[in-house]
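Below: one structure, written as structure tokens.
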Amino acid sequence: MVVRSLTLEDYAVLVVMLAVSMAIGVYFAWTSRGSAQEFLTGGRKLSIFPVSMSLIASLMSSITVLSNPAEVYCFGAVFACFGVTYITATAIASETFLPVIYRLSITSTYEYLEMRFNRATRLLGTVLFILQTILMTGLVIYGPAVALNQVTGIDLWGGIISTGVVCTVYCTLGGIKAVVWTDVFQIGVMLAGYLAAIIKSVIIQGGVSTIISDSQQGGRLNFFDFDIDPLRRHTFWTITVGGTFTGLSLVQRFISCKTVTQARAALLINVLGLSAFLASSVFAGMCLYSVYKNCDPWTSGQISAPDQLMPYLVMDILSDYAGLPGLFLTAVCSGSLSTVSSSINALAAVTLEDLIKPYFRLSEKHQFWMSKGLCFLFGMLCISMAGFTSFMGGMMQANMMINGIVGGSVLGLFSLGIFCPFANTKVRLNHYFTRFNLNLSDVTGWVLYPPSAAKTRPLSLTADGCNFTSTAGPNWTSTLLPTEPSSTLTPLMLDRNEEDLWDSSWQSPSYLYFGLIGSVTAFIVGVTVSLLTGKESEKPLLKKSFVFNFYLSLFLGGLRNKVESRLMINKEDTFSYHIYMFIKERVGIAAAG
């Protein structure tokens, strides 16, 4: 495997980025008023622009920077269908969850579960969220560090510790304001790193048309794969349907806005930004294929995993330009910092609000310092967790699986509370544990019996055009001078015994469906239990049989549970209702005139 070295100029670019991030944290620590509410939510006074940019940066993590182009390179541009997911998920969040959560003026979204159900449900949701976020954050720290270590030679644990420590320090010092404004800076760095690699690739290949033509001939332009098979890894349906149900992890950022209207506007800008980054990452994957279509670095042994493709490309085509490889390294680190900082802040917020304040009386000053201490504690915990994530496989896939295990079940419970006034507290822990265990079982089965190449459908790769005599590196020359290929290789799962595959069973659905399965099952189980058990005050003598009780609950008892209107979604909360009323008013005026 080939390892290239970074120059002093490259490291200087990285140091500048880390220094600026630290300076932002120091600035907001200096100007802070010492309030826990301001530290965790910005006092609900943040404007649209920084919040929307922060949302984009948090979602476009280092996993996105490295894994999205690799996905397109190996499986094709069907990955671009996530653009549809961004639109549908944003529309659902904006019209349903956001108005309710914002109206309640809560710091932790899990406070809602206690208001709607009971404290035990809130505690369980909080604990699962903490577990999910720590695992995901460890992955975000560890994965990019490994990729950069194996391609550039940068010290593995040096990269992990430096990234984690800097992020922890500015989160601890400046709180959510430091997180948001650092994200604004880092999103510019990520975009610059992407563009440097894309522009140079276009120049080398002779234009955008060449890259598109190469991608088409290589089968990478498979945007419209409408196969409904749920076992297929990526199709239009698995991405647009399964990718929508991944949880509510960033709602806290929405409630940092001044008004719910501004929060909705931030969501809209967020969709536009995410779509732009998605398009950039998809085109970067097409550039990868165009450059290496005849000499795949993976099958030729130049790299050991697809997540290393982008760093390899950057070192291959930009190493002659002082500082540009460092710019891409900085983009990857910025992706890590933005996601990790958001996670640390969210972990501190939910821990303080859900696990400490309900049981201990703390002054405002003590809450403020407790928030800082929690940020530091979770930062160190996420760094130590980074090593554990080495067992999770591909970064992007592992990230979605973690979200699916926990996020889907939590999303289903929130949906039950917001949409179903007859849902009672009897659904709480039993169905929560049931759905979580089923999700964990799904993922365990998927890991033990993963889908075959027939379901993942990796596209063909070849190393026949490589102009080197050894994969160890000494005689390696540029892969930009290929010869015509005579054979193709598909390195994924070639050695698997088809008799051992469980493709026809429920154990091997697309990993994107884990969140959907969790959400839908949690919702259906909750509705069923509520209808069967009736309203909270129902007496045992009414429970004569399941059939009778179902009828009684549905038509006489269950639908009459008294739930505060502020805990439910109302038609006046939705933007679409106000549009309808505006049009109705205008039509009425026109008719009267």
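From the backbone N, Cα and C atoms, a Cβ is placed for every residue, glycine too.
A quick note: this is a predicted structure, and the numbers were derived from the prediction, not measured.
The transmembrane segment annotation in TrEMBL covers 12-30, 46-65, 77-102, 123-144, 156-176, 188-212, 236-255, 267-292, 327-352, 373-394, 400-423, 511-534.
Counting residues 6+ beyond its ends, the transmembrane segment (327-352) has Cβ neighbours under 8 Å at 6, 10, 13-14, 17-18, 21, 36, 40-41, 54, 57-66, 107-110, 126, 129-130, 133-134, 136-137, 140-141, 144, 147-148, 152, 154, 159, 163-164, 166-168, 170-171, 175-176, 178-179, 182-183, 186-187, 189-194, 196-197, 249-250, 252-253, 310-311, 314, 318, 367, 370-371, 374-375, 378-379, 382 in the same chain.
Within the same chain, residues 18, 21-22, 24-29, 32, 38-42, 46, 141-142, 144-146, 148-149, 182, 256, 333, 336-337, 340-341, 344-345, 348, 371-372, 375-376, 379-380, 382-383, 386 sit at least 6 positions outside the transmembrane segment (156-176) and bring their C-beta atoms closer than 8 Å to a C-beta of that stretch. Long-range contacts of the transmembrane segment (188-212) within the same chain, counting only residues at least 6 positions beyond its ends with a Cβ under 8 Å from a Cβ of the stretch, are 17, 57, 60, 65, 221, 277, 280-281, 283-284, 286-288, 290-291, 310, 313-314, 317-318, 324, 327-332, 334-335, 338, 480.
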